[in-house]
Amino acid sequence: MSLFNPHLILHLLLLTVVTGEILRPRFYSETCPEAESIVRREMKKAMFKEARSVASVMRLQFHDCFVNGCDASVLLDDTPNMLGEKLSLSNINSLRSFEVVDYIKEALEKACPATVSCADIVIMASRDAVALTGGPDWEVKLGRKDSLTASQKDSDDIMPSPRANATFLIDLFKRFDLSVKDMVALSGSHSIGQGRCFSIMFRLYNQSGSGKPDPVLEPGYKKKLNKLCPLGGDENVTGDLDATPHVFDNQYFKDLTSGRGFLNSDQTLYTSRETREYVKRFSEDQGEFFRAFAEGMVKLGDLQSGRPGEVRSNCRVVNRRHNDVLLVS
């Protein structure tokens, strides 16, 4: 879909101007004072069990907040009456580690039943994923409600493709009131984690329909990716997004300056005039990157649609009330 589709533009404008819940730091200080420590404890457990899982959980914030605000809609399973976001083009066979959120929710429900929203869990867990892997730590604003519905179409219409270029990304982020600097810094989330061969096959074998590889790829890195992702091979095989996939640092930006960006949407940040300077600055100054990333994550977490919500007892299903009895749909 074209970025300039009128329906999409209206949707994004509504998302950025409608006032939702009033978010503030330490929202659960009285109702669930151990909430943030419980989330971090469970994230530590997840990281020790599978290092990649924390990066996967961090991605949930981006995929959730960009689609109708930070409301945990991305966690909802499909129902007979609702086709949710998990099978959207950007999420199918890609988003993972939903079970980590389930474990966190279970621990919080034992400590403080029906108090902490799934939407806030995603925000806290994303912050902790960064902090636990060596990145910045920051104070999160909380108090979100959980969505009563989800939409695969909304996700398909909004979430960018791995083929996206810097111009597309700048325009998209701008509609969420996120600056060019925010966009480049937030792309640094790819400092940890892995991506699928599916996302780079065109770069390796048919960039821009040329029948040739992306000429920007550094030869040694291209050879490595060809071995990892051979033509006709399993496109669900995963590769590291940067050279230090378990450490949140500025290696991601250093890799981009040397033609070793895994995704096209990553590498284009260095080849584009509009974003190159930020890539260079972040590659040279990790502290500046960390500050910009934390600021961007807070801004991203502020996105709300203003739609009605609830605190779900289960992050994968919507609660519904009938004759004052809480049921699970």
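Note that Cβ sites are derived from N, Cα and C of the backbone, with glycine treated the same way.
Look at TrEMBL and you will find 1-20 tagged as signal peptide.
According to TrEMBL, the domain 'Plant heme peroxidase family profile' annotation covers 22-319.
What TrEMBL records for Cys32-Cys112 (among others) is disulfide bond. Within 10 Å of the C-beta of Cys112 (disulfide bond) we count 16 further C-beta atoms, all protein chains included.
The site 'Transition state stabilizer' annotation in TrEMBL covers Arg59. Its Cβ taken as reference, Arg59 (site 'Transition state stabilizer') is surrounded by 21 other Cβ atoms within 10 Å in the chains shown.
Take the CB of His63 (active site, proton acceptor) and look out to 10 A: across all protein chains shown you find 22 other CB atoms. Feature annotation from TrEMBL assigns active site, proton acceptor to His63.
The Ca(2+) 1 binding site feature in TrEMBL is assigned to Asp64, Val67, Gly69, Asp71, Ser73, Glu85.
For Cys70 (disulfide bond), the same-chain residues 6+ apart in sequence whose C-beta sits under 8 angstroms from its C-beta are Gln61, Asp64, Ala119, Val122, Ile123, Arg144, Leu300, Gly301, Asp302, Leu303, Gln304. Under the heading disulfide bond, TrEMBL lists Cys65-Cys70 (among others).
Within the same chain, residues at least six positions away from Cys118 (disulfide bond) with a Cβ under 8 Å of its Cβ are Ala72, Leu75, Val101, Lys105, Asp146, Val311, Arg312, Cys315. Per TrEMBL, disulfide bond is recorded for Cys118-Cys315 (among others).
As annotated by TrEMBL, substrate binding site applies to Pro160.
Residues annotated as heme b binding site in TrEMBL: His190. His190 (heme b binding site) counts 24 other C-beta atoms within 10 Å of its own C-beta, drawing on all protein chains shown.
Cβ environment of Cys229 (disulfide bond): Cys197, Ile200, Met201, Leu204, Glu235, Val237, Gly239 lie under 8 Å away, each six or more residues apart in the same chain. The feature disulfide bond is assigned by TrEMBL to Cys197-Cys229 (among others).
Close to Asp242 (Ca(2+) 2 binding site) in the fold, though at least 6 residues off in sequence, lie His190, Ser191, Gln251, Tyr252, Asp255, Arg260, Phe262, each with a CB less than 8 Å from its CB. Residues or ranges marked as Ca(2+) 2 binding site by TrEMBL: Asp242, Thr244, Asp249.
Same-chain residues with CB within 8 A of the center of the Asp242, Thr244, Asp249 CB atoms, the Ca(2+) 2 site residues themselves not counted, are Ser191, Ile192, Ala243, Pro245, Val247, Phe248, Asn250, Gln251, Tyr252, Lys254, Asp255.
Here the Cβ of Cys315 (disulfide bond) has 22 other Cβ atoms within 10 Å, regardless of which shown protein chain they belong to. By the criterion of other Cβ atoms within 10 Å of the residue's own Cβ, the least surrounded of the binding-site residues Gly69, Pro160 is Pro160. The candidate set comprises the recorded positions Cys32, Cys65, Val67, Cys197. Of these, Val67 has the most other Cβ atoms within 10 Å.
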